[in-house]
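As written in TrEMBL, here are the features:
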DOMAIN    B:11-147  domain 'Response regulatory'
MOD_RES   B:80  4-aspartylphosphate
REGION    B:148-212  region 'Disordered'
COMPBIAS  B:150-159  compositional bias 'Basic and acidic residues'
């Protein structure tokens, strides 16, 4: 029973990832992250992604504040925030978020206020979507780990002689 | 910022103001079996290396701080280009202008593909320019650059040993000769031997003296 449960969960994870790739929400950089995860760093992907979420939320809040300011637009600050978000999004493979940021940056450089506010709405929506999906992904992964009875370090090592 | 141990053969200093990119590059480098230290700015990188600029003197040759922490050997520096205050390019320049650190290979990373930026960095002495996001394949290209410096250090050590042997034999010769000569000549030969020694150490800075 446990074995079957494990397989089902793996299938769920793969299906979810396939969907996100198909939608262009994630790109191959995310796969690169997964390849860097192993027994010595078993939670690497979720650690990086959580840092990304923390950083991004701050940046998005700041962007919202800067762009909602009726008086003065601080273009330089907007640019700096966007560059950070573009960089970190591309580092984890958050492809759609990155693209929306690029569009928002272009609108800001063109003083297109309406375009900026629209792009910001899309950006916040994309961010929520990615966050929900990745939380779902990590949740399934946690369940799979429990179901398979895997304890880190690798269970194979537990059979070895301990000094 | 982590402290370096000397377990692995190569130690890389990674510089990036983005915490995500620092985490990523650290993982990449560790996967490639390097010892890693990450810092978040160019100034912290210089501090880690043991830089101490003599602000009063006009020379732009920074000297190493006398109370340098333990001998930290850095075999390669990999730095982001776009950083506040000190860019990766500024850091590269400082390193290449320093007599103590110019031999450390430097690699630049950037999220933007700007040809003029790339050529400027390579001209200034960067070994490689990686476009972000950096991949494992990129990191695997680093070893030859680090090996080059290691080999050069080995050669340098060998040269120093052989030149020290030369000087030792010179000093023996000159001390044999001065037994039959003036005290003044004694001093002159000893100075010349010292000049020979300092000549080698400062890599052939010609001072016009010749020693037999």
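Note that Cβ sites are derived from N, Cα and C of the backbone, with glycine treated the same way.
Owing to the predicted nature of the structure, the values given are computational and were not obtained by experimental measurement.
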- Report, as numbers and ranges, which residues of the same chain sit near the compositional bias 'Basic and acidic residues' (B:150-159): CB under 8 Å and 6 or more residues beyond its ends. 75, 103
- Across the domain 'Response regulatory' (B:11-147) the predicted model averages a pLDDT of 88
- Can you count the other CB atoms that lie within 10 A of the CB of residue B:80 (4-aspartylphosphate)? 27
